[in-house]
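The structure under discussion appears below in the form of C-alpha coordinates.
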Amino acid sequence: MAPRTEQTAYDTMPTNNNNDSRRNSLAADDNGILIENVYTSDKQRDPLVEVPGMDDIPEDEIFSFRKLWSFTGPGFLMSIAYLDPGNLESDIQAGATGGYSLLWVLLWSTVIGLWLQFLASRLGVVTGKHLAVHCREYYPVVPRILLWIMTELAIIGSDIQEVIGTAIAISILSRGAIPLWAGVLITAADTFTFLLLENYGIRKLEAFFCALITVMAVSFGVEYIIAKPDQLQVLRGVVEPYVNHSNLAEAVGILGAVVMPHNIYLHSALVQSRKIDRSSDIQVRTANKYFNIESSIALFISFVINLFVVAVFGTGFLGETIGLSTAADFLGTKYGEVARYIWAIGLLAAGQCSTMTGTYSGQFVMEGFLDLKIKPWKRLLITRCSAIVPAIVVAILSNTHLDSLDEWLNVLQSVQLPFAVLPVLYFTSRSEVMGEKFKNHWLNNIVVRLLSLIIIAINIYLIVIFATQISTSGWMIAVMIIGFLFYFSFIIYLALGVENSNRIAKRIKSIFSSSSSSNQQYENERLIINTQ
(Lines of atoms letter the chains of each structure in order from A and count residues from 1; the text may use other names and numbers.)
(Lines give C-alpha, C1' and ligand atoms only; values in the text may rest on other atoms or scores of the structure.)
Protein backbone atom coordinates (compact mmCIF):
# COMPACT_ATOMS: atom_id res chain seq x y z
CA MET A 1 0.00 0.00 0.00
CA ALA A 2 1.10 3.52 -0.72
CA PRO A 3 1.40 5.88 2.23
CA ARG A 4 -1.61 7.84 3.47
CA THR A 5 -2.23 10.98 1.45
CA GLU A 6 -3.46 14.40 2.59
CA GLN A 7 -6.59 14.35 0.49
CA THR A 8 -10.21 15.10 1.13
CA ALA A 9 -12.77 12.37 0.88
CA TYR A 10 -13.71 13.53 -2.60
CA ASP A 11 -10.09 13.61 -3.76
CA THR A 12 -9.91 9.88 -4.39
CA MET A 13 -11.61 9.42 -7.72
CA PRO A 14 -11.60 6.70 -10.41
CA THR A 15 -9.73 7.22 -13.63
CA ASN A 16 -10.97 6.92 -17.18
CA ASN A 17 -11.38 3.35 -18.45
CA ASN A 18 -11.21 1.92 -14.96
CA ASN A 19 -11.98 -1.61 -16.07
CA ASP A 20 -8.58 -2.60 -14.70
CA SER A 21 -9.44 -3.54 -11.11
CA ARG A 22 -5.96 -2.65 -9.90
CA ARG A 23 -6.52 1.02 -10.74
CA ASN A 24 -8.81 1.40 -7.75
CA SER A 25 -6.14 0.29 -5.32
CA LEU A 26 -2.68 0.87 -6.79
CA ALA A 27 -2.59 3.28 -9.71
CA ALA A 28 -2.26 7.02 -9.95
CA ASP A 29 -4.11 8.77 -12.74
CA ASP A 30 -2.65 11.54 -14.89
CA ASN A 31 -4.27 14.34 -12.90
CA GLY A 32 -2.13 13.48 -9.93
CA ILE A 33 -4.85 11.96 -7.75
CA LEU A 34 -3.85 8.70 -6.15
CA ILE A 35 -6.35 5.94 -6.79
CA GLU A 36 -6.24 3.86 -3.67
CA ASN A 37 -7.92 3.40 -0.34
CA VAL A 38 -6.52 6.39 1.51
CA TYR A 39 -7.71 5.02 4.84
CA THR A 40 -5.18 2.75 6.49
CA SER A 41 -7.46 1.60 9.29
CA ASP A 42 -9.37 -1.64 8.80
CA LYS A 43 -12.39 0.04 10.37
CA GLN A 44 -12.56 2.57 7.57
CA ARG A 45 -13.71 1.77 4.09
CA ASP A 46 -12.88 2.50 0.48
CA PRO A 47 -13.87 6.15 -0.14
CA LEU A 48 -15.40 5.24 -3.51
CA VAL A 49 -19.07 4.47 -3.06
CA GLU A 50 -20.17 1.05 -4.32
CA VAL A 51 -23.37 1.10 -6.38
CA PRO A 52 -25.33 -2.16 -6.04
CA GLY A 53 -26.37 -3.98 -9.18
CA MET A 54 -24.03 -2.13 -11.55
CA ASP A 55 -22.26 -5.29 -12.72
CA ASP A 56 -25.48 -6.89 -13.91
CA ILE A 57 -27.91 -4.23 -15.08
CA PRO A 58 -31.07 -5.70 -16.67
CA GLU A 59 -31.66 -4.42 -20.18
CA ASP A 60 -35.31 -3.73 -19.40
CA GLU A 61 -34.59 -1.81 -16.16
CA ILE A 62 -36.21 1.63 -16.26
CA PHE A 63 -35.72 2.84 -12.72
CA SER A 64 -34.32 1.64 -9.41
CA PHE A 65 -34.76 3.50 -6.11
CA ARG A 66 -31.85 1.55 -4.71
CA LYS A 67 -29.50 2.81 -7.41
CA LEU A 68 -30.85 6.35 -7.10
CA TRP A 69 -30.11 6.27 -3.38
CA SER A 70 -26.54 5.13 -4.06
CA PHE A 71 -25.99 7.94 -6.56
CA THR A 72 -27.61 10.55 -4.29
CA GLY A 73 -25.13 12.97 -2.72
CA PRO A 74 -23.00 14.86 -5.24
CA GLY A 75 -26.01 16.71 -6.67
CA PHE A 76 -27.07 17.92 -3.24
CA LEU A 77 -23.56 19.13 -2.45
CA MET A 78 -23.60 20.93 -5.80
CA SER A 79 -27.00 22.47 -5.01
CA ILE A 80 -25.64 24.16 -1.89
CA ALA A 81 -24.06 26.79 -4.15
CA TYR A 82 -27.61 27.71 -5.23
CA LEU A 83 -28.48 28.42 -1.58
CA ASP A 84 -25.49 30.38 -0.33
CA PRO A 85 -25.78 33.85 1.29
CA GLY A 86 -25.18 35.50 -2.10
CA ASN A 87 -28.32 33.85 -3.43
CA LEU A 88 -30.26 34.89 -0.36
CA GLU A 89 -29.14 38.49 -0.91
CA SER A 90 -30.39 38.29 -4.50
CA ASP A 91 -33.68 36.73 -3.34
CA ILE A 92 -34.24 39.53 -0.82
CA GLN A 93 -33.54 42.22 -3.41
CA ALA A 94 -35.80 40.52 -5.96
CA GLY A 95 -38.70 40.24 -3.50
CA ALA A 96 -38.37 43.76 -2.07
CA THR A 97 -38.05 45.30 -5.55
CA GLY A 98 -40.44 43.26 -7.69
CA GLY A 99 -42.62 41.30 -5.29
CA TYR A 100 -43.51 37.99 -6.94
CA SER A 101 -42.89 39.26 -10.47
CA LEU A 102 -39.30 37.94 -10.71
CA LEU A 103 -40.02 34.38 -9.62
CA TRP A 104 -40.07 33.29 -13.27
CA VAL A 105 -36.49 34.60 -13.61
CA LEU A 106 -35.49 32.50 -10.60
CA LEU A 107 -37.14 29.44 -12.17
CA TRP A 108 -35.43 29.76 -15.53
CA SER A 109 -32.08 30.65 -13.96
CA THR A 110 -32.33 27.38 -12.04
CA VAL A 111 -33.24 25.51 -15.24
CA ILE A 112 -30.23 27.03 -17.01
CA GLY A 113 -28.05 26.03 -14.07
CA LEU A 114 -29.43 22.48 -14.17
CA TRP A 115 -28.67 22.18 -17.88
CA LEU A 116 -25.07 23.28 -17.30
CA GLN A 117 -24.72 20.91 -14.34
CA PHE A 118 -25.84 18.06 -16.60
CA LEU A 119 -22.90 18.83 -18.90
CA ALA A 120 -20.44 19.02 -16.01
CA SER A 121 -21.70 15.78 -14.49
CA ARG A 122 -21.54 13.93 -17.80
CA LEU A 123 -17.99 15.13 -18.44
CA GLY A 124 -16.83 13.75 -15.10
CA VAL A 125 -18.70 10.46 -15.39
CA VAL A 126 -17.68 9.65 -18.97
CA THR A 127 -14.02 10.69 -18.85
CA GLY A 128 -13.08 10.15 -15.20
CA LYS A 129 -11.48 13.61 -15.15
CA HIS A 130 -12.97 16.82 -13.89
CA LEU A 131 -13.19 20.06 -15.88
CA ALA A 132 -10.08 21.72 -14.45
CA VAL A 133 -7.94 18.72 -15.47
CA HIS A 134 -9.31 18.85 -19.02
CA CYS A 135 -8.48 22.56 -19.16
CA ARG A 136 -4.92 21.92 -17.99
CA GLU A 137 -4.37 19.19 -20.56
CA TYR A 138 -5.91 21.06 -23.49
CA TYR A 139 -5.19 24.78 -23.21
CA PRO A 140 -1.72 26.36 -23.57
CA VAL A 141 -0.10 27.91 -20.50
CA VAL A 142 -1.34 31.51 -20.83
CA PRO A 143 -5.09 30.82 -21.37
CA ARG A 144 -4.91 28.04 -18.77
CA ILE A 145 -3.51 30.41 -16.15
CA LEU A 146 -6.09 33.05 -17.09
CA LEU A 147 -8.90 30.51 -16.66
CA TRP A 148 -7.50 29.49 -13.29
CA ILE A 149 -7.29 33.11 -12.11
CA MET A 150 -10.84 33.83 -13.23
CA THR A 151 -12.18 30.77 -11.43
CA GLU A 152 -10.21 31.55 -8.26
CA LEU A 153 -11.65 35.07 -8.26
CA ALA A 154 -15.14 33.60 -8.43
CA ILE A 155 -14.35 31.24 -5.53
CA ILE A 156 -12.91 34.03 -3.39
CA GLY A 157 -15.91 36.24 -4.15
CA SER A 158 -18.31 33.49 -3.13
CA ASP A 159 -16.24 32.82 -0.02
CA ILE A 160 -16.55 36.45 1.06
CA GLN A 161 -20.34 36.24 0.79
CA GLU A 162 -20.40 33.05 2.83
CA VAL A 163 -18.18 34.52 5.56
CA ILE A 164 -20.26 37.70 5.82
CA GLY A 165 -23.57 35.82 5.77
CA THR A 166 -22.49 33.48 8.56
CA ALA A 167 -21.09 36.38 10.59
CA ILE A 168 -24.43 38.19 10.33
CA ALA A 169 -26.26 35.06 11.55
CA ILE A 170 -23.88 34.65 14.49
CA SER A 171 -24.36 38.29 15.45
CA ILE A 172 -28.17 37.91 15.37
CA LEU A 173 -28.22 34.66 17.37
CA SER A 174 -25.89 36.15 20.01
CA ARG A 175 -28.23 39.17 20.33
CA GLY A 176 -25.41 41.42 19.17
CA ALA A 177 -22.96 40.19 21.82
CA ILE A 178 -20.65 38.99 19.04
CA PRO A 179 -19.88 41.91 16.68
CA LEU A 180 -19.71 41.39 12.97
CA TRP A 181 -15.91 41.47 12.76
CA ALA A 182 -15.67 38.81 15.48
CA GLY A 183 -18.25 36.72 13.64
CA VAL A 184 -16.08 36.92 10.54
CA LEU A 185 -13.11 35.52 12.47
CA ILE A 186 -15.23 32.76 14.04
CA THR A 187 -16.60 31.80 10.63
CA ALA A 188 -13.10 31.68 9.17
CA ALA A 189 -11.93 29.37 11.95
CA ASP A 190 -14.90 27.03 12.36
CA THR A 191 -14.69 25.73 8.80
CA PHE A 192 -11.58 23.78 9.78
CA THR A 193 -13.76 21.63 12.02
CA PHE A 194 -15.64 20.37 8.98
CA LEU A 195 -12.47 18.75 7.73
CA LEU A 196 -12.82 16.31 10.63
CA LEU A 197 -16.06 15.03 9.11
CA GLU A 198 -14.12 13.53 6.22
CA ASN A 199 -12.77 10.86 8.54
CA TYR A 200 -16.27 9.38 8.68
CA GLY A 201 -16.55 8.79 4.93
CA ILE A 202 -18.24 10.35 1.92
CA ARG A 203 -21.78 9.17 2.61
CA LYS A 204 -21.86 10.59 6.13
CA LEU A 205 -20.42 13.85 4.87
CA GLU A 206 -23.13 14.02 2.20
CA ALA A 207 -25.79 13.22 4.80
CA PHE A 208 -24.55 16.03 7.05
CA PHE A 209 -24.87 18.63 4.29
CA CYS A 210 -28.27 17.28 3.29
CA ALA A 211 -29.27 17.85 6.93
CA LEU A 212 -28.15 21.48 6.66
CA ILE A 213 -30.24 21.87 3.49
CA THR A 214 -33.18 20.49 5.48
CA VAL A 215 -32.56 23.12 8.18
CA MET A 216 -32.70 25.82 5.49
CA ALA A 217 -35.89 24.38 3.98
CA VAL A 218 -37.62 24.24 7.37
CA SER A 219 -36.43 27.70 8.48
CA PHE A 220 -37.38 29.55 5.32
CA GLY A 221 -40.52 27.42 4.95
CA VAL A 222 -41.68 28.55 8.40
CA GLU A 223 -40.99 32.17 7.38
CA TYR A 224 -43.12 31.55 4.28
CA ILE A 225 -45.99 30.26 6.43
CA ILE A 226 -45.70 33.22 8.80
CA ALA A 227 -45.71 35.74 5.92
CA LYS A 228 -48.80 34.12 4.31
CA PRO A 229 -48.18 35.17 0.69
CA ASP A 230 -50.96 35.06 -1.88
CA GLN A 231 -50.55 31.57 -3.39
CA LEU A 232 -52.18 32.45 -6.72
CA GLN A 233 -49.94 35.49 -7.12
CA VAL A 234 -46.89 33.39 -6.29
CA LEU A 235 -47.88 30.85 -8.96
CA ARG A 236 -48.52 33.68 -11.41
CA GLY A 237 -45.06 35.09 -10.70
CA VAL A 238 -43.50 31.71 -11.49
CA VAL A 239 -45.22 31.18 -14.85
CA GLU A 240 -45.80 34.71 -16.15
CA PRO A 241 -42.73 36.50 -17.58
CA TYR A 242 -42.73 40.13 -16.53
CA VAL A 243 -40.00 42.68 -15.93
CA ASN A 244 -39.87 46.45 -15.97
CA HIS A 245 -37.12 49.04 -15.90
CA SER A 246 -37.23 49.45 -12.13
CA ASN A 247 -36.34 45.83 -11.39
CA LEU A 248 -34.32 44.96 -14.50
CA ALA A 249 -31.02 45.07 -12.60
CA GLU A 250 -32.37 42.64 -9.98
CA ALA A 251 -33.69 40.36 -12.73
CA VAL A 252 -30.35 40.01 -14.50
CA GLY A 253 -28.54 39.85 -11.16
CA ILE A 254 -30.44 36.69 -10.22
CA LEU A 255 -28.60 34.71 -12.90
CA GLY A 256 -25.21 35.76 -11.55
CA ALA A 257 -26.26 34.72 -8.06
CA VAL A 258 -27.88 31.40 -9.00
CA VAL A 259 -25.42 29.96 -11.56
CA MET A 260 -21.87 29.99 -10.21
CA PRO A 261 -18.88 29.20 -12.45
CA HIS A 262 -16.83 27.26 -9.89
CA ASN A 263 -19.85 25.03 -9.22
CA ILE A 264 -19.54 23.62 -12.73
CA TYR A 265 -15.93 22.66 -11.99
CA LEU A 266 -17.01 21.20 -8.63
CA HIS A 267 -19.81 19.01 -9.95
CA SER A 268 -17.60 17.42 -12.61
CA ALA A 269 -15.36 16.20 -9.77
CA LEU A 270 -17.97 15.19 -7.19
CA VAL A 271 -19.65 12.65 -9.50
CA GLN A 272 -16.43 10.64 -9.63
CA SER A 273 -17.00 9.45 -6.06
CA ARG A 274 -19.08 6.51 -7.32
CA LYS A 275 -17.38 3.34 -8.49
CA ILE A 276 -18.31 2.54 -12.07
CA ASP A 277 -16.66 0.73 -14.96
CA ARG A 278 -16.12 3.31 -17.68
CA SER A 279 -15.39 0.64 -20.25
CA SER A 280 -19.05 -0.38 -19.95
CA ASP A 281 -21.41 1.87 -21.89
CA ILE A 282 -24.43 0.69 -19.93
CA GLN A 283 -22.78 1.55 -16.59
CA VAL A 284 -21.79 5.00 -17.82
CA ARG A 285 -25.28 5.58 -19.22
CA THR A 286 -26.84 4.40 -15.97
CA ALA A 287 -24.62 6.68 -13.91
CA ASN A 288 -25.49 9.66 -16.11
CA LYS A 289 -29.21 8.91 -15.77
CA TYR A 290 -29.25 8.71 -11.99
CA PHE A 291 -26.93 11.67 -11.50
CA ASN A 292 -29.26 13.72 -13.72
CA ILE A 293 -32.30 12.63 -11.72
CA GLU A 294 -30.55 13.43 -8.44
CA SER A 295 -29.39 16.84 -9.69
CA SER A 296 -32.93 17.64 -10.84
CA ILE A 297 -34.37 16.79 -7.43
CA ALA A 298 -31.66 18.76 -5.61
CA LEU A 299 -32.08 21.89 -7.73
CA PHE A 300 -35.87 21.67 -7.50
CA ILE A 301 -35.52 21.77 -3.71
CA SER A 302 -33.10 24.70 -3.98
CA PHE A 303 -35.61 26.52 -6.22
CA VAL A 304 -38.39 26.01 -3.67
CA ILE A 305 -36.18 27.34 -0.85
CA ASN A 306 -35.23 30.40 -2.90
CA LEU A 307 -38.90 30.89 -3.79
CA PHE A 308 -39.74 30.93 -0.07
CA VAL A 309 -37.28 33.78 0.50
CA VAL A 310 -38.40 35.85 -2.50
CA ALA A 311 -42.07 35.43 -1.56
CA VAL A 312 -41.50 36.36 2.10
CA PHE A 313 -39.85 39.66 1.24
CA GLY A 314 -42.18 40.26 -1.69
CA THR A 315 -45.16 39.91 0.64
CA GLY A 316 -44.20 42.10 3.56
CA PHE A 317 -41.47 44.42 2.33
CA LEU A 318 -42.25 45.43 -1.25
CA GLY A 319 -40.66 48.79 -1.96
CA GLU A 320 -38.38 48.70 1.10
CA THR A 321 -34.62 49.22 0.92
CA ILE A 322 -33.50 45.94 2.41
CA GLY A 323 -30.59 43.53 2.18
CA LEU A 324 -28.98 40.57 3.90
CA SER A 325 -27.62 42.68 6.76
CA THR A 326 -31.01 44.22 7.60
CA ALA A 327 -33.40 41.38 6.67
CA ALA A 328 -33.61 39.98 10.21
CA ASP A 329 -34.49 43.40 11.65
CA PHE A 330 -37.33 43.84 9.17
CA LEU A 331 -38.63 40.33 9.89
CA GLY A 332 -38.43 40.87 13.65
CA THR A 333 -40.27 44.18 13.46
CA LYS A 334 -43.11 42.87 11.28
CA TYR A 335 -43.51 39.27 12.42
CA GLY A 336 -41.91 39.18 15.87
CA GLU A 337 -38.61 38.03 17.35
CA VAL A 338 -39.31 34.40 16.54
CA ALA A 339 -39.21 35.16 12.81
CA ARG A 340 -35.93 37.03 13.34
CA TYR A 341 -34.18 34.06 14.95
CA ILE A 342 -35.65 31.48 12.59
CA TRP A 343 -34.21 33.52 9.72
CA ALA A 344 -30.81 33.61 11.44
CA ILE A 345 -30.80 29.82 11.84
CA GLY A 346 -31.48 29.35 8.13
CA LEU A 347 -28.82 31.90 7.23
CA LEU A 348 -26.29 30.19 9.51
CA ALA A 349 -26.97 26.83 7.84
CA ALA A 350 -26.61 28.42 4.38
CA GLY A 351 -23.29 30.04 5.25
CA GLN A 352 -21.81 27.03 7.00
CA CYS A 353 -22.55 24.39 4.36
CA SER A 354 -21.54 26.64 1.46
CA THR A 355 -18.12 27.23 3.01
CA MET A 356 -17.17 23.58 2.62
CA THR A 357 -18.36 23.33 -0.99
CA GLY A 358 -16.26 26.43 -1.67
CA THR A 359 -13.29 24.68 -0.12
CA TYR A 360 -13.82 21.61 -2.29
CA SER A 361 -14.17 23.80 -5.38
CA GLY A 362 -10.93 25.60 -4.60
CA GLN A 363 -9.07 22.39 -4.04
CA PHE A 364 -10.22 20.74 -7.27
CA VAL A 365 -9.58 23.91 -9.28
CA MET A 366 -6.06 24.40 -7.91
CA GLU A 367 -5.09 20.77 -8.30
CA GLY A 368 -6.65 20.50 -11.75
CA PHE A 369 -5.26 23.66 -13.33
CA LEU A 370 -1.82 23.67 -11.68
CA ASP A 371 -1.31 19.93 -11.09
CA LEU A 372 -0.51 21.03 -7.56
CA LYS A 373 -1.34 18.90 -4.54
CA ILE A 374 -1.96 20.91 -1.39
CA LYS A 375 -3.20 19.86 2.02
CA PRO A 376 -6.87 20.73 2.63
CA TRP A 377 -6.13 22.89 5.68
CA LYS A 378 -3.56 24.91 3.71
CA ARG A 379 -5.98 25.43 0.86
CA LEU A 380 -8.66 26.46 3.36
CA LEU A 381 -6.25 28.88 5.02
CA ILE A 382 -5.47 30.55 1.68
CA THR A 383 -9.12 31.01 0.70
CA ARG A 384 -10.16 32.07 4.18
CA CYS A 385 -7.44 34.75 4.36
CA SER A 386 -8.50 36.03 0.93
CA ALA A 387 -12.08 36.35 2.15
CA ILE A 388 -11.39 37.62 5.66
CA VAL A 389 -9.47 40.77 4.74
CA PRO A 390 -12.21 42.52 2.69
CA ALA A 391 -14.94 41.15 4.97
CA ILE A 392 -13.33 42.53 8.12
CA VAL A 393 -12.59 45.86 6.45
CA VAL A 394 -16.25 46.27 5.51
CA ALA A 395 -17.45 44.98 8.89
CA ILE A 396 -15.29 47.50 10.78
CA LEU A 397 -15.88 50.50 8.53
CA SER A 398 -19.63 50.25 8.07
CA ASN A 399 -22.36 47.65 8.17
CA THR A 400 -24.25 49.57 5.50
CA HIS A 401 -21.72 48.51 2.86
CA LEU A 402 -22.34 44.80 3.27
CA ASP A 403 -25.29 44.64 0.87
CA SER A 404 -23.44 46.68 -1.76
CA LEU A 405 -20.50 44.31 -1.46
CA ASP A 406 -22.81 41.30 -1.97
CA GLU A 407 -24.29 42.90 -5.09
CA TRP A 408 -20.83 43.51 -6.54
CA LEU A 409 -19.81 39.93 -5.79
CA ASN A 410 -22.90 38.62 -7.60
CA VAL A 411 -21.82 40.67 -10.62
CA LEU A 412 -18.36 39.10 -10.33
CA GLN A 413 -19.90 35.60 -10.40
CA SER A 414 -21.89 36.44 -13.52
CA VAL A 415 -18.88 37.94 -15.31
CA GLN A 416 -16.84 34.77 -14.66
CA LEU A 417 -19.59 32.40 -15.84
CA PRO A 418 -18.54 32.15 -19.54
CA PHE A 419 -15.12 30.89 -18.39
CA ALA A 420 -16.78 27.74 -17.08
CA VAL A 421 -19.66 27.41 -19.55
CA LEU A 422 -17.60 27.60 -22.74
CA PRO A 423 -14.94 25.03 -21.71
CA VAL A 424 -17.49 22.48 -20.49
CA LEU A 425 -19.52 22.95 -23.69
CA TYR A 426 -16.40 22.56 -25.82
CA PHE A 427 -15.18 19.37 -24.14
CA THR A 428 -18.58 17.67 -24.00
CA SER A 429 -19.04 18.38 -27.73
CA ARG A 430 -15.81 16.65 -28.78
CA SER A 431 -16.00 12.99 -29.75
CA GLU A 432 -12.30 12.51 -28.94
CA VAL A 433 -13.08 13.46 -25.35
CA MET A 434 -16.56 11.97 -24.82
CA GLY A 435 -16.74 9.36 -27.55
CA GLU A 436 -19.38 9.30 -30.25
CA LYS A 437 -22.01 7.82 -27.95
CA PHE A 438 -21.75 10.39 -25.17
CA LYS A 439 -20.86 13.66 -26.87
CA ASN A 440 -23.45 16.43 -26.98
CA HIS A 441 -26.28 16.25 -29.47
CA TRP A 442 -26.10 19.09 -32.00
CA LEU A 443 -29.36 20.54 -30.66
CA ASN A 444 -27.88 20.59 -27.16
CA ASN A 445 -24.90 22.55 -28.49
CA ILE A 446 -27.15 25.12 -30.12
CA VAL A 447 -29.17 25.63 -26.93
CA VAL A 448 -26.08 26.03 -24.73
CA ARG A 449 -24.50 28.44 -27.22
CA LEU A 450 -27.66 30.54 -27.12
CA LEU A 451 -27.54 30.46 -23.33
CA SER A 452 -23.91 31.58 -23.50
CA LEU A 453 -24.86 34.55 -25.66
CA ILE A 454 -27.61 35.48 -23.20
CA ILE A 455 -25.17 35.24 -20.29
CA ILE A 456 -22.63 37.41 -22.09
CA ALA A 457 -25.30 40.01 -22.92
CA ILE A 458 -26.36 40.06 -19.26
CA ASN A 459 -22.74 40.52 -18.24
CA ILE A 460 -22.40 43.55 -20.52
CA TYR A 461 -25.48 45.08 -18.96
CA LEU A 462 -24.32 44.40 -15.40
CA ILE A 463 -20.83 45.75 -15.98
CA VAL A 464 -22.12 48.93 -17.62
CA ILE A 465 -24.70 49.53 -14.88
CA PHE A 466 -22.31 49.02 -12.00
CA ALA A 467 -19.42 50.87 -13.64
CA THR A 468 -21.55 53.92 -14.37
CA GLN A 469 -22.66 53.93 -10.73
CA ILE A 470 -19.03 54.59 -9.84
CA SER A 471 -18.21 57.17 -12.49
CA THR A 472 -19.18 58.32 -15.97
CA SER A 473 -15.92 60.12 -16.62
CA GLY A 474 -13.69 59.54 -19.62
CA TRP A 475 -11.23 57.35 -17.75
CA MET A 476 -14.00 54.96 -16.72
CA ILE A 477 -15.26 54.69 -20.28
CA ALA A 478 -11.71 54.03 -21.50
CA VAL A 479 -11.20 51.33 -18.88
CA MET A 480 -14.49 49.69 -19.84
CA ILE A 481 -13.60 49.67 -23.54
CA ILE A 482 -10.20 48.12 -22.90
CA GLY A 483 -11.71 45.63 -20.46
CA PHE A 484 -14.43 44.62 -22.92
CA LEU A 485 -11.79 44.14 -25.64
CA PHE A 486 -9.78 41.66 -23.57
CA TYR A 487 -12.91 40.04 -22.13
CA PHE A 488 -14.49 39.32 -25.50
CA SER A 489 -11.19 38.30 -27.09
CA PHE A 490 -10.76 35.61 -24.46
CA ILE A 491 -14.38 34.50 -24.77
CA ILE A 492 -14.04 34.18 -28.56
CA TYR A 493 -10.83 32.19 -28.07
CA LEU A 494 -12.59 29.76 -25.70
CA ALA A 495 -15.60 29.45 -27.98
CA LEU A 496 -13.50 28.66 -31.06
CA GLY A 497 -11.07 26.32 -29.35
CA VAL A 498 -7.29 26.22 -29.58
CA GLU A 499 -7.07 24.69 -33.05
CA ASN A 500 -9.53 27.06 -34.71
CA SER A 501 -8.07 30.08 -32.91
CA ASN A 502 -4.55 29.16 -34.06
CA ARG A 503 -5.81 28.59 -37.58
CA ILE A 504 -7.48 32.02 -37.69
CA ALA A 505 -4.42 33.66 -36.16
CA LYS A 506 -2.18 32.11 -38.84
CA ARG A 507 -4.55 33.23 -41.58
CA ILE A 508 -4.57 36.79 -40.28
CA LYS A 509 -0.80 36.71 -39.96
CA SER A 510 -0.43 35.43 -43.52
CA ILE A 511 -2.72 38.21 -44.81
CA PHE A 512 -0.60 40.86 -43.13
CA SER A 513 2.59 39.14 -44.27
CA SER A 514 1.30 39.01 -47.84
CA SER A 515 0.30 42.66 -47.68
CA SER A 516 3.70 43.57 -46.27
CA SER A 517 5.47 41.61 -49.00
CA SER A 518 3.39 43.31 -51.70
CA ASN A 519 4.21 46.73 -50.29
CA GLN A 520 7.89 45.85 -50.16
CA GLN A 521 7.84 44.61 -53.74
CA TYR A 522 6.09 47.79 -54.85
CA GLU A 523 8.72 49.94 -53.13
CA ASN A 524 11.53 47.94 -54.77
CA GLU A 525 9.97 48.39 -58.20
CA ARG A 526 9.64 52.13 -57.62
CA LEU A 527 13.26 52.30 -56.52
CA ILE A 528 14.39 50.51 -59.69
CA ILE A 529 12.33 52.84 -61.89
CA ASN A 530 13.69 55.93 -60.17
CA THR A 531 17.24 54.63 -60.51
CA GLN A 532 16.78 54.13 -64.24
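Every residue, even glycine, has its Cβ placed from backbone N, Cα and C.
What TrEMBL says about a protein is an automatic prediction, not a curated fact.
TrEMBL assigns the feature transmembrane segment to one of the listed ranges (147-166, 247-266), namely 247-266.
Counting same-chain residues at least six beyond the ends of the transmembrane segment (209-227), those with a Cβ under 8 angstroms from any Cβ of the stretch are 73, 76-77, 79-80, 83, 301-302, 304-305, 308-309, 311-312, 315-316, 331, 335, 339, 342-343, 345-346, 349-350, 352-353, 356-357. Sequence-distant contacts of the transmembrane segment (247-266), counting only residues of its own chain at least 6 positions beyond either end whose CB sits under 8 Å from a CB of the stretch, comprise 77-78, 81-82, 86-87, 89-90, 93-94, 97-98, 101-102, 105-106, 109-110, 112-113, 116-117, 119-120, 130-132, 150-151, 154-155, 158, 306, 357-358, 360-362, 364-365, 368, 407, 410-417, 419-421, 424, 455, 458, 461-462, 465. Scored on C-beta pairs under 8 angstroms, the neighbour of the transmembrane segment (103-125) with the top count among 297-318, 408-427, 447-468, 474-496 is 297-318.
Within its own chain, the transmembrane segment (297-318) is flanked in space by residues 75-76, 78-79, 82-83, 87-88, 91-92, 94-96, 98-100, 102-103, 106-107, 110, 113-114, 117, 213, 216-217, 220-221, 223-224, 226-230, 234, 237-238, 258, 327, 330-331, 334-335, which lie at least six positions past its ends and keep a Cβ under 8 Å from the stretch.
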